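Peer 1: Can you read through this structure? Questions will come right after.
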Amino acid sequence: MQLSENNTYQIQGISPSELIETYGSPLYVYDGGTIRRKVAELQEAFSSVNMKIKYACKANTNLSILRLMREIGVELDVVSPGEFEMGRLAGYDAGQITFTPSGVPFHEVKEAVEAGALVNVDSIPLLEWFGKTYGSTKPCLIRIKPNVAAGGNAKIMTAHADSKFGISVLLIEQILEVVNRYGIKVIGLHQHTGSDIKDAEPFIQVADILFETAKRFPDLQIVDLGGGFKVSYKPGDEITDMHLLGTKISERFKKFCAEYGRELQLWFEPGKFLVSESGYLLTTTTVVKEDPARNFVHVDTGLNHLIRPMMYGSYHHILNTSNPGGTEKTYNVVGYICETDTFASDRTLSEVRPGDILVMLNAGAYGYTMSSHYNARFRPAEVLVDHGSAKLIRRRESLKDLLGTQDGL
Ligand code: LLP
C-alpha cells in the first residue's frame, strides 16, 4: 500500500475506497506484484544452489493465488486432502505437491501417495505403515524433529523437544531400523522449525542437524528446511535477512553435498514470507465511541475474519486510509463479534470518523484461511490486484453458504 503524490493510499494505483465501492466491505485484497517480488527475493538469495520453493499453502489457499504461484514456478506443500485437491484444481501435477501431514489418518496418506504426491512421514507408526504398505516401491521423505526452539511465539514453535511435530532426531537408530527392515525408499529429510523466525542462527542450527542426520541415509535427493521466515508486521520490525541467510545456508549446503558425494536439492516451504505482505483487510468504521476510559473504533469485521491478533496477540499495522495526514488520536480498534475481539489497543491513527476505511496490513497469510462463520457472519470477498487491475477471486458469502450442510432446510 503506497501513499501516492496526491496523498491517497493505493494498491497498484487503485484506492481502498474504489475497491470497497466495487466489491463491498469488508474485503481481502492481495497485491500480485508483492507475491512475485517475494518469490524472486527468495530465489535470488539461494541462486547458487539447486533450490526449490514449495509454498505452504495453508497460509492462503485461494485458487487464484495458487495459480499465480504455479505460473511463477513455485511448487506446493499441503497438509490435508482438501489442500491437495485445491492444488490439483489450480493446475499442479500431483508430483509437484508434497503432503506434510501431522498425525492424520493413514488413509489420507494412502490417497496422496496413490495420487502421486510425495509424503513427509511424521511418526514411527506411519513409517511402519508406509514400509508395510509400499516396501521399496514408493519414495518418501521423513520429517525430523531437531529439538530446536525458535519462533515468534510458543504456539508457532514446531521443532522443540516438546513439540508434537515430526520424529525426534534422538530416535534416529529406530528410524533406520524401520527403514532398513522394509527397504523404504527415503529420498529426503524434512524439518520445519516454526513461524516468524528472524535470526539466521536457528535456521543454521537446524540445517546442520539435518545435514548430519542426512549422512545416515545413502540415497537422498532432497533436504527440506521448511518455512518460517519473519516478515515485518510492525513498522521498524527486523525481518529475516534473506541475503545473509541465503549466503550462510548455501555455503553449508554446498559443503554438505560435497561430503555426501552428490548434489542434492534444497527445499524451502514458506507461507508467510511469500504472501503475508501482499494482503490487506479493508474494513469500514461503523461507530466511534468516545468512552471515558478509551476511544473505541468499531469496524465491520472481527475475529471471524482475522483471528491472529486475538489468537497470538499479533500486531497488524492499521492505516486510516480515509484521512491521511489527519490529526492523530489513540484508539482501541475492535471488531463486531460478541467477544472481546480487539485488533489493536492504544493505537495511534489519524482521526477516525464513521465510514472511514481502515486497512489492516500483512493480512495475506493466515487471514482468510483461518476465518470462520462465528456469530453466523459471512466471510468477505477476496480481490487480486495484478498488472494494475483488480479481479474478484472469491465472492462474498451469503446465507446459503452459512446454512451449507445443515439438515432441516
Ligand atoms: N511448513 C510446515 C510444515 C508448517 O507447519 C508451516 C506452518 C510452514 C511450512 C509455513 O510456515 P511460515 O513460513 O508460514 O511461517 N497461523 C500462524 C502460523 C502457523 C504456521 C503453521 N505451520 C500465524 O498466523 O502466525
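For all residues, glycine too, the Cβ spot is worked out from N, Cα and C.
So TrEMBL lists these for the protein:
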type     : residues                       : note
ACT_SITE : Cys338                         : active site, proton donor
BINDING  : Gly228, Tyr366                 : pyridoxal 5'-phosphate binding site
BINDING  : Arg308, Tyr312, Glu339, Tyr366 : substrate binding site
DOMAIN   : 28-364                         : domain 'Orn/DAP/Arg decarboxylase 2 C-terminal'
DOMAIN   : 33-276                         : domain 'Orn/DAP/Arg decarboxylase 2 N-terminal'
MOD_RES  : Lys58                          : N6-(pyridoxal phosphate)lysine
Peer 1: Cα of Arg308 (substrate binding site) to Cα of Tyr366 (pyridoxal 5'-phosphate binding site): how many Å, rounded?
Peer 2: 8
Peer 1: Which number gives the other C-beta atoms within 10 angstroms of the C-beta of Gly228 (pyridoxal 5'-phosphate binding site), all protein chains shown included?
Peer 2: 30
Peer 1: Just to be sure I understand the contacts, which binding-site residues have a Cβ under 6 angstroms from any atom of ligand 1? Candidates are Arg308, Glu339, Tyr366.
Peer 2: Arg308, Tyr366
Peer 1: Which one, from the recorded positions Lys58, Arg308, Tyr312, Cys338, has the smallest tally of other C-beta atoms lying within 10 Å of its C-beta?
Peer 2: Cys338
Peer 1: Any same-chain residues 6+ apart from Tyr366 (pyridoxal 5'-phosphate binding site) with CB under 8 Å of its CB? Would you list them in sequence order, or say none?
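Peer 2: Within the chain, Tyr366 (pyridoxal 5'-phosphate binding site) has Cβ neighbours under 8 Å at Lys58, Ala59, Asn60, Gly271, Lys272, Ser276, Arg308.
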Peer 1: How many angstrom lie between the most widely spaced Cα atoms of the substrate binders Arg308, Tyr312, Glu339, Tyr366?
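Peer 2: Those residues reach a largest Cα separation of 20 Å.
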Peer 1: Only counting partners 6 or more residues apart, tell me which same-chain residues put their Cβ under 8 Å from the Cβ of Glu339 (substrate binding site).
Peer 2: Gly302, Leu303, Met310, Tyr374
Peer 1: In this predicted model, what is the average pLDDT of the domain 'Orn/DAP/Arg decarboxylase 2 C-terminal' (28-364)?
Peer 2: 96
Peer 1: From the Cα of Tyr312 (substrate binding site) across to the Cα of the residue listed as 'active site, proton donor', what is the distance in angstrom?
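Peer 2: Rounded to a whole number, the Cα-Cα distance is 19 Å.
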